[in-house]
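Take a look at the structure set out below.
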Amino acid sequence: MDRRDYLAYAFAGLGAFLVAFIGLPLFMIFIKQAYDLEALQRTLVDPLVIESIRNSLFTATVSTLLGILFGVPLGYVLARKEFKGKNFVQALIDTPIVIPHSVVGIMLLVTFSDAILDNYKGIVAVMLFVSSPFIVNSARDGFLSVDEKLEYVARTLGASGLRTFFSVTLPNAIHSIASGAIMAWARAISEVGAILIVAYYPKTAQVLIMEYFNNYGLRASRPIAVILVTISLAVFIFLRWLVGRGRNA
């Protein structure tokens with residue numbers, strides 16, 4: 001930044017507060033746990049913890065894949081077509097972002113009852129509900145950024161609608177879709193409130209952390225939190241790197 005760019009320096013200073021506010025808790029939880037490595041070592045080999053983390057990773061991944069399967073086509077329709085009720089559909093898609101987590105759990109339980117109670121389907125249903133807006137909105141924005149003239153040229157050259165989509169539209173929107181999928185996965189693996197209501201079992205890492213904190217206190221729950229944060233950050237950074245690498249290729 002230029003020395004005379006006072007506005008940029010002022011904004012950087014204000015932004016630094018938010019960076020520190022987010023980064024400090026991450027830094028502190030690792031520092032605190034470093035003084036209790038024995039507890040971390042025990043937690044790393046605890047079968048219950050291992051199973052709960054596996055459940056979290058599995059269900060978050062499944063919900064993200066389902067979100068891509070159903071969300072990308074919806075994003076395309078919202079980007080390319082005009083129809084009655086479009087604004088309502090877009091508002092409806094954003095609704096899970098503003099609904100309290102516990103209310104999400106109650107809504108899903110009222111709707112699907114025993115079909116999702118205390119099973120993997122319930123966990124996936126919750127994660128899909130809260131994370132799908134990220135995929136739909138990112139897909140819509142990605143498709144909106146694709147020049148429709150490119151699709152028109154492909155069609156005039158004899159390509160079918162489906163071939164045009166997979167050879168022209170999707171490749172040009174893939175980075176936005178991938179970014180949305182990453183955010184959806186992150187949102188899914190962070191969900192706990194609705195899962196507590198819908199599917200306490202099979203236990204996810206989020207639920208186990210809450211259980212340990214309520215029953216045994218901060219010291220018992222902290223190692224699990226450290227492990228989950230480490231895995232989540234590693235996956236998140238790796239996926240972001242892949243997307244960035246593909247964008248720069």
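Cβ coordinates come from backbone N, Cα and C, glycine included.
Features reported for this protein in Swiss-Prot:
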type	residues	note
DOMAIN	53-239	domain 'ABC transmembrane type-1'
TOPO_DOM	1-10	topological domain 'Cytoplasmic'
TOPO_DOM	32-56	topological domain 'Extracellular'
TOPO_DOM	78-96	topological domain 'Cytoplasmic'
TOPO_DOM	140-179	topological domain 'Cytoplasmic'
TOPO_DOM	201-223	topological domain 'Extracellular'
TOPO_DOM	245-249	topological domain 'Cytoplasmic'
TRANSMEM	11-31	transmembrane segment
TRANSMEM	57-77	transmembrane segment
TRANSMEM	97-117	transmembrane segment
TRANSMEM	119-139	transmembrane segment
TRANSMEM	180-200	transmembrane segment
TRANSMEM	224-244	transmembrane segment
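For the topological domain 'Cytoplasmic' (78-96), the model gives a mean pLDDT of 92. Broken down by DSSP into helix, strand and coil, the topological domain 'Cytoplasmic' (140-179) contains 33 helix, 0 strand, 7 coil.
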